[in-house]
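Here's what Swiss-Prot has on this protein:
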BINDING   Tyr866  S-adenosyl-L-methionine binding site
COMPBIAS  1-14  compositional bias 'Low complexity'
COMPBIAS  15-33  compositional bias 'Basic and acidic residues'
COMPBIAS  78-95  compositional bias 'Basic and acidic residues'
COMPBIAS  337-357  compositional bias 'Polar residues'
COMPBIAS  394-403  compositional bias 'Low complexity'
COMPBIAS  404-416  compositional bias 'Basic residues'
COMPBIAS  438-449  compositional bias 'Low complexity'
COMPBIAS  459-473  compositional bias 'Polar residues'
COMPBIAS  875-890  compositional bias 'Basic and acidic residues'
DOMAIN    531-581  domain 'SANT'
DOMAIN    638-737  domain 'CXC'
DOMAIN    752-867  domain 'SET'
REGION    1-33  region 'Disordered'
REGION    73-107  region 'Disordered'
REGION    335-522  region 'Disordered'
REGION    875-902  region 'Disordered'
Amino acid sequence: MASEASPSSSATRSEPPKDSPAEERGPASKEVSEVIESLKKKLAADRCISIKKRIDENKKNLFAITQSFMRSSMERGGSCKDGSDLLVKRQRDSPGMKSGIDESNNNRYVEDGPASSGMVQGSSVPVKISLRPIKMPDIKRLSPYTTWVFLDRNQRMTEDQSVVGRRRIYYDQTGGEALICSDSEEEAIDDEEEKRDFLEPEDYIIRMTLEQLGLSDSVLAELASFLSRSTSEIKARHGVLMKEKEVSESGDNQAESSLLNKDMEGALDSFDNLFCRRCLVFDCRLHGCSQDLIFPAEKPAPWCPPVDENLTCGANCYKTLLKSGRFPGYGTIEGKTGTSSDGAGTKTTPTKFSSKLNGRKPKTFPSESASSNEKCALETSDSENGLQQDTNSDKVSSSPKVKGSGRRVGRKRNKNRVAERVPRKTQKRQKKTEASDSDSIASGSCSPSDAKHKDNEDATSSSQKHVKSGNSGKSRKNGTPAEVSNNSVKDDVPVCQSNEVASELDAPGSDESLRKEEFMGETVSRGRLATNKLWRPLEKSLFDKGVEIFGMNSCLIARNLLSGFKSCWEVFQYMTCSENKASFFGGDGLNPDGSSKFDINGNMVNNQVRRRSRFLRRRGKVRRLKYTWKSAAYHSIRKRITEKKDQPCRQFNPCNCKIACGKECPCLLNGTCCEKYCGCPKSCKNRFRGCHCAKSQCRSRQCPCFAADRECDPDVCRNCWVIGGDGSLGVPSQRGDNYECRNMKLLLKQQQRVLLGISDVSGWGAFLKNSVSKHEYLGEYTGELISHKEADKRGKIYDRENCSFLFNLNDQFVLDAYRKGDKLKFANHSPEPNCYAKVIMVAGDHRVGIFAKERILAGEELFYDYRYEPDRAPAWAKKPEAPGSKKDENVTPSVGRPKKLA
């Protein structure tokens, strides 16, 4: 017994561990004992103080209660007149004294006996009152009714409700007691060591002792001997106390920041543990928690709604900010660059960035963003610098007397200083992304005609450069310096920007404006890099998921996934940064050949979209559907239908195959089809493909779903659809009865009204409220999902009570409706039933449906055949043998308790 084993175990724990002399480091045992004794005395003193406080509080509460009782008793005493006692008055007016019934004769009426003195109310003379007793009619006793919990869907049994390994006591009808022992010695309950939890005083002693003396073997040994624990338990408890202290000191702010510093997988740990992806509910009672996460191999294309240039998502929408030219973080570009004036007093404003940003269309690719335009401006200025430096050096060497040569030499030095101020990492990144940025400039900043013109010019750029280099001397002699620079810029800069660059170079004070533009580009790039660093891992993960769902639409991403974290402009900045482009098209964003799945508008391309069926394309003609049964998915179903119809169904567990399932697929090995919950692609040959029924309403064996004892699934079947809503807002017009699927009754919970009443056969029964026709769905038989071993143990009690609520579901589970279920659990057995039960797979789960075997009128009781095995059926469920029939002696007895079959 556990009580006998506990002293020995506690004695073994109380023995202090024998430490070697080398391990005895730390304070002496005497010092540790003194600290523990002082803490013990302090705890005792604190306990005395707390007890005194509690006694004082109880005294006050007791005084208030006694005062209320005293007040109520005084009120009752004052209500009596002339000081008479209420108890005496009640005895005088009792019915026994008035009727003359002698209580000494067991309350039986004696007609000839002496008259018992009774006081009639209002008279002081005792008189005899003759009253004959009235015999109450005998009412039939109600049938025993077991308390049960209503279930609208099946639930899996919890571990604490199991009876396996427990000794159950059964009380029979005569009031006796019977002890049901285990079937074998293996199921005997093992005497486990009693676990003791740490109390609050023990935690206090452990924490304070280790804080004062430190963590050492000698201290742990003394604590173990004092608390009758092992050293490992003391050490583990100390670690738990330290963690609790750190959590309490950190506060909620640190917990929130730690959550934001996690990625999406870490933040969704509890979500994945509690959320059922099959039922789409939290804390699913059918499939349980901590399910294996199975993600589909094929993901749908991003949802890209039509883009309206004038429709914005808010004040911080990137469309509004691009049009206004005011960027959060660094204000307006015009305000930063300021104005420049030459000697004549002419003022110029560098409008290069603002003009490009305002001219951007919202439908463009991320490379057409503000960052790409700014980099385009930087590269354009760099190319201008290089070209002008080359021409200036040639001019200085060939004709040093040319006007303005000294000014251009100064410009060269200034630009070298500007280049030195730009970080080296930025220069390296610009060199690496020069090709991609040039393509983005051609596609984003230019019009389509200009982009084509740019592509044509790229093919002849080398020849043009050679021609210009050969005629450079002539151009330097005959042309002006401005013309030379303009011609050189037109070779390397897009056509849409050449006029703008030329105007800026020709303008007075262009040296100062270029320098300011370069400083502005450097500021913008630094601000963009700083913005990217402020993104936490959780926000980055949410952004990646938003790109996967909505594509390159910053408005939808900010509104649906980053609400409260980032604005639309911040999402747009992060999206258009060149460093983040690789992450958009990495992993799921790339095709196997390395090409991008997104086009210039952010839409998914090169994706294998499901072809539209010929049936939907040819709406005018209804062709004969050739639904094949030769695929591997229906081999097990066809075999069960033809050969093993009476065998139980197989429990479905989704597979996690990333490619088309092969011979080692768990579903294929188990003999089940792959469902929509599996991870394999839709091209898997083992996947159940639904039905193509058009006019049969899926109520005949020509429907593959109906023939396989399955309900149609709107996500899989082609023509089976469901009307959404409860009808309060109106029901859409139906396409006729020929298009309405009638094989989704359990899925839609379209059951009949069932009433509960006293049965004419046995106990309680189920009755139908409205008339139904043949093969109509009546309701579902729900209950607890238990194992077959559990069902055998529970069946012992059910056999003694001569009732059964066990229903065989599949090869792993049995339905038990004794404690939990619905009203159809009271439907009785009959050899000539008017209903029949059927196990149907609904959305990957086996469920039991009750259907009408014939036309049933309103008010009739429901019966169906429990279909017990012949050797396990109770006496009341056995069919009467025909006269002259011989008993089959070759039938082998089955193992287990009687269970209902469909």
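The backbone N, Cα and C atoms fix where each Cβ goes, and this holds for glycine too.
When the domain 'SET' (752-867) is classified with DSSP, helix, strand and coil residues number 17 helix, 50 strand, 49 coil.
Here the domain 'SET' (752-867) returns a mean pLDDT of 90 for the predicted model. Counting residues per DSSP class in helix, strand and coil order gives 37 helix, 0 strand, 14 coil for the domain 'SANT' (531-581).
Counting every protein chain shown, the number of other Cβ atoms lying within 10 Å of the Cβ of Tyr866 (S-adenosyl-L-methionine binding site) is 22.
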